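**Student:** Annotations for this protein, taken from TrEMBL, read as follows:
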- 415-428: compositional bias 'Pro residues' (COMPBIAS)
- 413-452: region 'Disordered' (REGION)
- 33-57: transmembrane segment (TRANSMEM)
- 102-123: transmembrane segment (TRANSMEM)
- 143-166: transmembrane segment (TRANSMEM)
- 187-206: transmembrane segment (TRANSMEM)
- 218-236: transmembrane segment (TRANSMEM)
- 266-288: transmembrane segment (TRANSMEM)
- 308-328: transmembrane segment (TRANSMEM)
- 340-364: transmembrane segment (TRANSMEM)
- 376-396: transmembrane segment (TRANSMEM)
């Protein structure tokens, strides 16, 4: 067996060795239908409570960042404000525009919410635990391709956004849904390349087996670039600042949600926050050890190895990632659409793909060339140092300012503002009003003649 250092040998198996034993996943051999039903109901209820608490955390957190109190009237510390808002949504009138496709208009929000709830069924909250004398994993469902199922379900959610925007018979929802399509295609590719690196490291696509493979604390160090790519892509996947271009208020009012109200709007709103927890839960499962305690804590407190402790550690990690979403929303500004697409296609996808190939080579080197882990890590560190030096020595090219392009603001029949690099033509009224520095404005307006 190859080892990084004697310390890592004591902590767990060598992740870089292709000969490492395969991780053991969840055991569903004693699962019964009524236990599965109970777990499904618990997931639904917990996610709804998560959203209510997340709304309070976000609004209070943003208030703290922006030096204001936030909600503080309904209930202690404003805790019941989200409950009051939910009650208002339930009793609000549902309306739609004339000409809207009624069936698709009503089904689309529920489709988005259903796909958001479904993803948590594949997330492990803990190892096998005994419930009513039956050993069952703290997970609703697992498969050898569970992570691919997660990606497939998240892709289905975009259909609810596209169909909802199209069926509303309004230009703003349609434009928002078209943007959302391009956004999801771009950023799911980057997210996919980051997750492939995890599959290569773990040797499995099962979520429970991936968690079991993360016994070595060097796991995140080896996948840190992939984790950064995934984290950035998750903002685009969930339509959150600075990538909320599908529903940006200044351009599209509310994007695909513009013509929705009442419970129809509430389904979209609920799905948005559940999707934040979905991408956070997937990140915890793939990169941060899942339900396992931090390795240093495990060494000091072996008593906390109980399966039920996994729920605590899992929630601590998920809520920590949720706070990153809140923090970014309170401190960052929205990207332009061209900046957003350039980041996805020219930065995230190439970085994710290159690191995916690097991880594959690192896993293959012990098999084909007999290198041990120490040699591999030294070689990787040397290559990173050389690349860093090369990047620092490359001179930064100064972009020459382009000449302003001719621009007709009335070309489409209505006035539009100029884009960067465009210049408005001279106004036809320019030169009619001549003001000299020593001439009062009233005199300039009357042409030096006294009004009678």
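Even glycines carry a Cβ here, placed using N, Cα and C.
All TrEMBL annotations are machine predictions without curation.
How buried are these features, and what lies next to them?
**Tutor:** Counting same-chain residues at least six beyond the ends of the transmembrane segment (143-166), those with a Cβ under 8 angstroms from any Cβ of the stretch are 101, 104-105, 107-112, 115-116, 118-119, 122, 173-178, 180-181, 184, 188, 191-192, 195, 198-199, 204-208, 210, 237, 246, 255-257, 260, 268, 271, 275, 278, 282, 286.
Among residues of the same chain six or more beyond the transmembrane segment (187-206), those with a C-beta under 8 A of the stretch's C-beta atoms are 15, 22-23, 25-26, 142-148, 151, 154-155, 213-214, 219, 222-223, 226-227, 229-230, 232-234, 236-237, 243, 286-287, 344, 348-349, 352-353, 355-356, 359-360, 363.
Within the same chain, residues 4, 8, 15-16, 183-184, 186-188, 190-191, 193-195, 197-198, 201, 242-243, 279-280, 283, 286-289, 321, 324-325, 328, 340, 343-344, 348, 351-352, 355-356, 359, 362 sit at least 6 positions outside the transmembrane segment (218-236) and bring their C-beta atoms closer than 8 Å to a C-beta of that stretch.
For the transmembrane segment (266-288), the list of distant contacts is 47-48, 50-51, 54-55, 86, 89-90, 109-110, 112-113, 115-117, 119-120, 123-124, 147, 150, 154, 157, 160, 164, 195, 198, 207, 210-211, 219-220, 223, 226-227, 230-231, 234, 237-240, 256-257, 260, 314, 317-318, 321-322, 325: same-chain residues at least six beyond its ends, Cβ to Cβ under 8 Å.
Sequence-distant neighbours of the transmembrane segment (340-364) (same chain, 6+ residues past either end, Cβ-Cβ under 8 Å): 16, 18, 182-183, 186-187, 189-190, 192-194, 196-197, 200-201, 222-223, 225-226, 229, 232-233, 236, 243, 245, 376, 380.
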